[in-house]
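Working notes, beginning with the structure itself.
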Amino acid sequence: MKVKSFAKIDLGYSVYKKQKNFTKHDFESIFILVENIYDDIEITKIEKNIDDVHYYNETNEIYVYSRLVHKTLEWIRHTYHIKNHYRINIKKRIPIGAGLGGGSSNAAAIMKYILEFEGIKEINYKDVVNKLGADIPFFLSGYKTAYISDYGSVLEDLTGQFKLNYEVYLMNVNVNTKIVFEKFDDNSWHVIKNNFKTIIKNLKENIVVNIHNDLQEYCFELYPNIKYKYNELLSDGFYTILSGAGSSFIRIKLKNKEDLIINEN
């Protein structure tokens with residue numbers, strides 16, 4: 001079976017300091033599905049006692065360090081008492097380390113297909129967040145736009161509630177998300193700048209203003225080339241902001257315009 005695994009952008013990103021005895025950061029954001037950037041995934045049940053996962057680009061097999069797909073398959077078997085193993089072939093088009101949620105999208109697409117195939121409808125988002133990742137519930141939800149809170153486990157559907165004309169600028173930089181968060185954690189002083197209730201109200205009125213990404217300055221410190229490109233991209237009529245921990249940018253223009261992907265070679 002073949003399925004598509006879509007990217008997403010994070011419009012605004014408020015990150016909270018870790019609470020005592022917590023290993024994850026709470027956060028707030030607006031996630032938007034990007035349906036013209038996607039990976040193709042082929043899923044086949046196999047008669048083996050081990051999963052067989054491979055990644056490809058347009059021409060060759062590639063090595064991907066993340067074991068999130070393996071962890072997801074193990075979580076499915078443990079949680080739902082499914083014994084099957086699978087061959088997973090993933091053709092990557094979503095850039096790795098781009099702040100577009102590619103790994104989480106892959107995990108969610110595979111989980112969604114297997115659970116539907118097995119007739120399972122119940123998914124505990126909090127368990128998914130705790131065991132696998134904060135972005136996965138959004139990709140499972142079927143929402144095209146959502147306000148995300150409570151470590152990624154609570155989603156408010158915003159699909160169709162505002163029209164946003166934007167460009168996604170893809171840089172050829174693989175950002176290490178873990179290091180960006182470590183840089184964020186090193187700073188003991190942090191002020192939350194986003195008011196998402198106000199942001200959502202403004203977006204419904206076609207107003208894009210005062211939207212911030214708390215990780216942006218830390219990404220720029222670690223990757224000066226990304227900051228340099230950000231300064232280049234700032235221009236009249238566009239609101240430019242980093243997606244996630246980077247390296248992609250969202251450029252928002254309020255005039256009617258089809259979504260556009262700009263690639264940096």
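Yeah, the Cβs are placed from backbone N, Cα and C, and that goes for glycine too.
Here is what Swiss-Prot says about this protein:
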type: ACT_SITE; residues: LYS8; note: active site
type: BINDING; residues: PRO95, ILE96, GLY97, ALA98, GLY99, LEU100, GLY101, GLY102, GLY103, SER104, SER105; note: ATP binding site
type: ACT_SITE; residues: ASP135; note: active site
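Annotated features taken from Swiss-Prot, shown on the structure.
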residue : record           : Cβ contacts under 8 Å, 6 or more apart
LYS8    : active site      : PHE31, ILE32, LEU33, VAL34, LEU100, GLY101, SER105, ASP135, PHE138, PHE139
PRO95   : ATP binding site : GLY102, LEU170, ASN172, ASN174, SER247, SER248
GLY97   : ATP binding site : VAL173, ASN174, VAL175, ASN176, THR177, GLY246, SER247
GLY99   : ATP binding site : ILE9, ASP10, VAL175, THR177, LEU242, SER243, GLY244, ALA245, GLY246, SER247, SER248
GLY103  : ATP binding site : SER66, LEU68, VAL69, ILE96, GLY133
Original post:
Taking the Cβ of SER105 (ATP binding site) as the centre, how many other Cβ atoms fall within a 10 Å radius?
Top reply: 26
Original post:
Any idea what DSSP makes of GLY103 (ATP binding site), helix, strand or coil?
Top reply: helix
Original post:
Does DSSP give PRO95 (ATP binding site) helix, strand or coil?
Top reply: coil
Subject >> recorded positions compared (GLY101, ASP135) - highest count of Cβ atoms within 10 Å >> reply: GLY101
Subject >> Environment of PRO95, ILE96, GLY97, ALA98, GLY99, LEU100, GLY101, GLY102, GLY103, SER104, SER105, the listed ATP site - residues of the same chain whose CB lies within 8 A of the CB centroid >> reply: ALA7, ILE94, GLY244
